């Protein structure tokens, strides 16, 4: 046995002339939660459906747990999937929904229902077995969908934007629940989302996709702090990308002003430089830093947001609410703690 | 289902066809089985061994080729070639060698002068089914059809049936128009197409009649326009005129929409004759009271037109009613807030939004009028239209299939022209007035003048309709309604439906029993087949991705566009001779109904499937269910309402249809509608009306019964909302 749960070897999926997934190769480790992240239309959902067998690739090879599944239909792969819409069968009650997969795979009715009931209990749904899906709240429906997938003890569990139909508060709780469950059961999970915060919060690994290809894959920290290019830098949280110059280790020039800033290793010379909004701290005029003028100011409760006009261009700044406040028109000096020269 | 399972089943099926079942059709029914395995009931293997069908050896060889790998448990893509070979071998030999020996003379060097070969039978059917199964298994093994052998088999099987029973008869008939006395004659074909019989304009200048094409077009246009306007009047009154508030009004409008659906099309003609014929009730009344002379004005354009409008106006009403309700009141309210008065709102907002529905209603009336056969036959008199002229070209004194085919071609061209026009027109204008957002607001009331106009037209028409249906109800139970003798009697019902008891067993002596039993049997057999096949096709077209999906959909819809008369002609031309000889059987009636009513089941199924989120199917698949299990446990239960509708519709149409089957009935298998038409032609009006009443009652009972038996779908709380995943 390998430690690889899913392996893509130059997998392509073309719809007519459009290549939704374009020669993607990747190895996803067993027991990890991997998110596929990207803007809409980047191919992340197609990639997930290729794993599920709901789409068959037009080229390349897919392995799950070392088994070649390239030509197998969804029914023949040992996976389970939680759909964005949950896809609960409206004509079956909760218990019938959860035991469906077991029955289809040849289990006897009593044992299937016992297993389904146990799983419902694990997810805190006991007592709801006889309800129809239409009689459940959104959060309950979501958990039934998860129970229905987990009860099959799949080798790989797939989530297609599972939280997008929940309200913001519930979303945070459910994503923690999913993460806990995944850790407890040691499941290999592939999770599709377009919400980078969600991806950063739950993942062991994040795989950012763009135009059918993998833009970058790594741990959440690595992606945030060490992005490969401007696209990743901007997509993983916000970033001000400005033209500047790397002068040496931890020394850069922005808008003609030389600054001491922590940077990653980069050869000296002109470069695009990404600066996170929270790395910038406006200070009263005269302090060392990049001089500028407050163009717009907003108070958001936990944070303050500014747009600062500088010689390097307009910078978007986020500071803790506790830091000193400035008003529109104030002259400031921006202290920059960290910057990321892009390769 | 795996490809191997399917291939093995197909092999078994084909082997049974080879060794056991009689290869050729049994002319005298199952009694011929007594001679098995010799003579007319011989299986193919016996025929091969005695050398009389040596050209069919490829069938046995192909099966032997497929067997070894399958027995060893391997199903490869090569099976597709073997399957295709089987089908081609059976049909190729069947068409090449017919009742008169060799049909395709260019094969003479290869086949010599073979003995005559009768039609294909059960054995051939099994081999063909096996061949299709092997073909599908081979395709699935190659990864086509999502690698699912069940889907592959369904697609190949349905495709085969559609080609055989929709496409080939049509092509066959069109090619018949090209032949004269068995020789290819393009000149004769051209002459038939432009014959004065079809295109003459003599009626403009002389007293002679015009060509049938002009007659048909005139009738269809008038029917379309008048029934659309009437339907619009009904719809405006129903939706905006406050009629639905009163119980009487609502009931009357609902009855208006249901009655025509369960009435055989020509029954209305009978009532019209009883009312307005030379000795009719109204005619007599007019003569007695106003000295208006008796005449035969009802026979001809006015009568046919009246009958068609009586049938079409309610359908136009249904269409426009839906369109009118779909117009969001907020649009009209917006116009009103901008200062427009009622009439102006109607003219500037409501009317333009109704235009697509008006066009649809007109074209439907137009097309239905083109296809109508029963009314012109009963009421037409000297006024011939294409459908009746085609009938007489086949069934009349001068049997001329080439002429019938050419006329059928003209009718088909008109119908397709109408559909093309509709597609073109509707393609340009499509307004989405249902926004999906919760729309409140009150629809604007009708402008007063318009409301009075509508009421002035609609209520008299309603009374007229009630009169017509009242005649149908009463006519069977009075002595002689044709001459105004209105005393009550069971006599006519007795003639048709007399039952005597001999030794405790019923004897059905009435003259109508035979045709009634056949009709019910044929309808009862064809309805579930139609619904089943239709829903399956809908599922394939809407949910599966496979090469040729568009083609399958096109062929399904093709049979919807072909007028019944054309279908009838094409069927007797295609299935009167080997290799597929079906005329004179009840089977051809069933097949005719199944493929004519198929599109309605398919459309209903596709519409219902559009309401069911695709992720439900996918969820089932990811949990390990194959296509068959998903279909049975997830899709079909959710499609129940659509299935009930398709069942009821196909049963009712099978009981009321006359245009196609009038060509296909035989003395042994007669149908109720055809029998009634016969009674009318024999002048036995009362018996015809009594029989019609019986039909209507049966249909009502069956439709309600089907609904009760299959049940309405249980889907959570409330009435049927769109089925979204998880909701």
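All positions are counted from 1 along the displayed chain.
Quick reminder: no glycine exception, Cβ is built from N, Cα and C everywhere.
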Check: Between B:428-446, B:485-503, B:580-598, which stretch does TrEMBL give the note transmembrane segment?
Finding: B:580-598
Next item on the list: From the ranges B:54-71, B:180-197, B:198-215, pick the one that TrEMBL records as transmembrane segment.
Entry: B:54-71
Notebook entry, point to check: For the transmembrane segment (B:520-542) and the transmembrane segment (B:217-239), does the number of C-beta pairs under 8 Å, pairs 6 or more apart in sequence, reach 3 or more?
Noted result: no
Notebook entry, point to check: Near the transmembrane segment (B:119-137), which same-chain residues lie under 8 Å Cβ to Cβ, leaving out any that are not at least 6 residues past its ends?
Noted result: 3-4, 6-7, 9-18, 20-26, 43-44, 59, 63, 66, 75, 79-80, 82-87, 90, 94, 145, 149, 152-153, 155-157, 160, 577-581
Check: Which residues, given as numbers and ranges, are at least 6 beyond the ends of the transmembrane segment (B:78-99) yet have a Cβ under 8 Å from it?
Finding: 3, 7, 10, 14, 55-56, 58-59, 62-63, 65-66, 69, 107, 111, 114, 116-120, 124, 127-128, 130-139, 141-142, 160, 577-580
